[in-house]
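Annotated features in TrEMBL:
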{"type": "SIGNAL", "residues": "1-25", "note": "signal peptide"}
{"type": "DOMAIN", "residues": "38-182", "note": "domain 'Peptidoglycan recognition protein family'"}
{"type": "DOMAIN", "residues": "52-188", "note": "domain 'N-acetylmuramoyl-L-alanine amidase'"}
{"type": "DISULFID", "residues": "76-82", "note": "disulfide bond"}
């Protein structure tokens, strides 16, 4: 009996601390405990263009997080190459779309870094009807056929948790995929499957 009890305890410790992949095959992250600040690369560090204007979020703290993917076969695994892609996003949004700045509040690379876009306080240009009450987070790459790597997914969870801990995201927030609020395939099939398994995902975002 003593050996059996020891075995049960060992299994309990393994589940509690090792956190193997869950039954859905997605990496298991505790989205309610880890509030450590992720590594955020500032606009100055990734050499952003100056924004031509800003509008404060109308609802603060915002009650939604909208997850995007870049949608292009562009991937990066170091700060230099990720910064280059983020600059290309900003150039496209400002020069081609005529926007005031890069559309997203934050961008994440597979280097595990978070790149500051419009930040915590300014309205993005990423999800019509939700821009003024959400934080838009884009992961660099096309995630139709595969998930972002573990570093990027950890950064996504860490950024959301950090935002909640500092009062920049509502503690009653919901997370959605871009395709739920406008007609698009974004954030890609595989990433959307992951988003649907997050604890605060909702299948019925309110307009």
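Here the Cβ of each residue, glycine as well, is placed from N, Cα and C on the backbone.
Where the annotation comes from TrEMBL, it is an automatic prediction and has not been curated.
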**Asked** Taking 76, 82 as the disulfide-bonded residues to compare, which has the smallest set of other Cβ atoms within 10 Å?
**Response** 76
**Asked** By the DSSP assignment reduced to helix, strand and coil, which category contains residue 82 (disulfide bond)?
**Response** helix
